[in-house]
Amino acid sequence: MEKKILEQLEFEKVKEQFWPYLQTEQGQLELDLLEPIANKDKIQAYFTELEEMAAIFVEHHHFALGGLSDVSESMQRLDLEADLSIQELLAVKKLLQVSAEVCRFYADLENVDLVALKALFEKIESFPSLQGSLQAINDAGFVEGFASPELESIRRQISNKEHASRQLLQDILKKQAAYLSESLIASRNGRSVLPVKNTYRHKVAGVVHDMSASGSTVYIEPRALVSLNEELTQLQTDERHEIGRILHELSEQLRPHSRSLRNNAWLLGHLDLVRAKYLYMQAKQATVPVISDDKSLQLLNARHPLIQNPVANDLHFANDLAVIVITGPNTGGKTIMLKTLGLAQVMAQSGLPILADKGSRVAVFNGIYADIGDEQSIEQSLSTFSSHMTHIVEILNQADSDSLILFDELGAGTDPQEGASLAMAILEQLRLTNIKTMATTHYPELKAYGIETAYVENASMAFDNVSLKPTYRFMQGVPGRSNAFDIARRLGLAEHIVKEAQAMTATDHDVNRIIEQLEQQTLESRKRLEHIKEVEQDNLKFNRAVKKLYNEFSHAKDKELEKAALEAREIVDIALAESDSILSQLHEKAELKPHEIIEAKHRLKQLAPEQSLSQNKVLKKAKKWRAPRVGDDIIVTAYGQRGTLLAQLKDKRWEAQVGLIKLTLKEDEFSLVKLKEEAQQPKKRAVKVVKKAATGKGPRARLDLRGKRYEEAMQELDAFIDQALLNNMSQVDIIHGIGTGVIREAVGKYLRRNKHVKSFGYAPQNAGGSGCTIANLG
């Protein structure tokens, strides 16, 4: 396709109108490279994709992909054995997340028959293992402590050192307060320092890091703090090195999959572009045209995409019609009509929807050529006529019967008689070689050519004789007529002068009268056609209303099913609460071992739905809807850490990737994140484990009950003790605070009646005092 016509038709500006509907950088890149093609099958495939995307939106009104960055350079760096940065890994993490979401979306897609898009969806791969590994980096770009045991250990040491440093500085701050210009801890060169009055600088031993502008204050790092800060600096260096090692390990995991990831990015970008085409089509009331088997075109209510509030026009370019000549004065809209045809054809051959009504038809041309506007070349010192003629010669040498040619003001810029003769000769050559051509001209001689010559048709732009303004209505089959006499008469020229002028051109006056009658007949035909179209639109609106009612009914039905599922869930929760009450009584008897009690509780939770609601179809549907799948993101309950499901094992057990570690989990040991029903389900009880640590006495854990209601605190405490017993923990810390003392007393009462608690008491004063209870288990 000739590049020049894309510039003349401002095709790049048309493509810019699709930008607001794109979500991915890959989709943007594909749009930027988009150009017209002459492969009919490929164009039809683009249109089929667009029609199938419309079908998807009927069922899923808010289908979206989410913003994706371009990862092509990152994949190239992986191929070159380079390690990715945190930002690059975040982009890959987002790509993996969107890939998994699109795979799940396609797996759940119903009531939509896909052919072209099916191949795209099915080629998208999900990588649950990689997705789980990249959970080690959160969305803010922070490498989580659970990314590796070494990083977690280093950060724990950093935290301890920082705490010790602050404590030491606070002690020095109190003792040396008299020597300080301000009672605060400052920072200089990455070190914690004290602002000491210059007159007392020798009273505070340490390293001077800075001095105030006035010289009255020096910033000293106390000697007692120097070694501690050096240890902290070394730990921070170790942290950076460990993060670098983790980034290297993550890059190594991604490296074998760089080609697949690059392919995923392209597939998602292409889906994004198809989605953008559909949204543009909806916003602009555009359509997917039919592709002709021959070279015929039919544009119904075609509009120019770059004009605000354009006038819609019909154009019929039959297969046996070679040339359309648009005659008439300037500023009537002839050039706009020419460009409207050109843009409709270029957009269609680029796989884009066109601004026209349904039923429009386009052809496929190997070449589209145009000579539009003033192409005068100052460098060649050519006149306007010479410039145009040079370009026309190039077009005539390149065009063939599979081409479309658009000429604006053919033959202009020279003697009118010679220009008209040249224009007719050029059009005749194109007619004889059967090359589809549309040309505009203001030469009246071409009207006769259009009437007398086979396979050539006249056309014009309508003019309002009352307002003396063009209407921009395209009148096919009607040559343009002169309005000079009417305009002169309405502007006040003496009637006898007008009549004398008309007498001088009596023949032309008769022709104009015939043309006027043709215009009137064309306008009446247009009105009848518009009435037919209005009836068709009413039918379409009725059809849409019926579909809308059906969809609303379907959605209402789904909401009722969801409501029933929630009610069923409440029944199950009540049953579970009653079972917890029974089991709490068993605790007091101490007849059962801890693991037997917990196992019995777990079995009761599993049996409750089947026993009480085994025949409830709504609940079955809800359970099926909430069932975990490979690739789902999860939260591991015991650790509060994110991961990804890799594979389903036997007995409802799952293999999961958590950071760089693989775990085997039961379904009740994790919860799904980002489920649609998450906001609607009743919140499940969860134990808030604040911290795990190791002591000489064996494993221990800590539970924080501050701010909890009585019932919630007791439920969490019960589950926490169960978990501690299962994990063979010998000692646990329960933080309840002091407050009104209600929770503290309830904790003591619970521990006294639990036969598996050997002893308990308040923590030492420096570890929480009466706000924390330490319990020994056995």
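Backbone N, Cα and C atoms are what each Cβ position is placed from, and that goes for glycine too.
The feature ATP binding site is assigned by Swiss-Prot to Gly328, Pro329, Asn330, Thr331, Gly332, Gly333, Lys334, Thr335, with sequence analysis given as support. Within 10 Å of the Cβ of Lys334 (ATP binding site) there are 27 other Cβ atoms, across all protein chains. Under DSSP, Lys334 (ATP binding site) is assigned to a helix (H, G or I) in the three-state scheme.
Annotation comment: Swiss-Prot describes 703-778 as domain 'Smr'. Mean pLDDT for the domain 'Smr' (703-778) in this predicted model: 85.
Counted with DSSP, the domain 'Smr' (703-778) comes out as 35 helix, 19 strand, 22 coil.
Its own atom aside, the Cβ of Gly333 (ATP binding site) has 24 Cβ atoms within 10 angstroms in the protein chains shown. Among the binding-site residues Gly328, Pro329, Gly332, the residue whose Cβ has the fewest other Cβ atoms within 10 Å is Pro329. A C-beta separation below 8 Å, combined with a sequence spacing of at least six in one chain, links Thr335 (ATP binding site) to Ile372, Asp408, Thr440.
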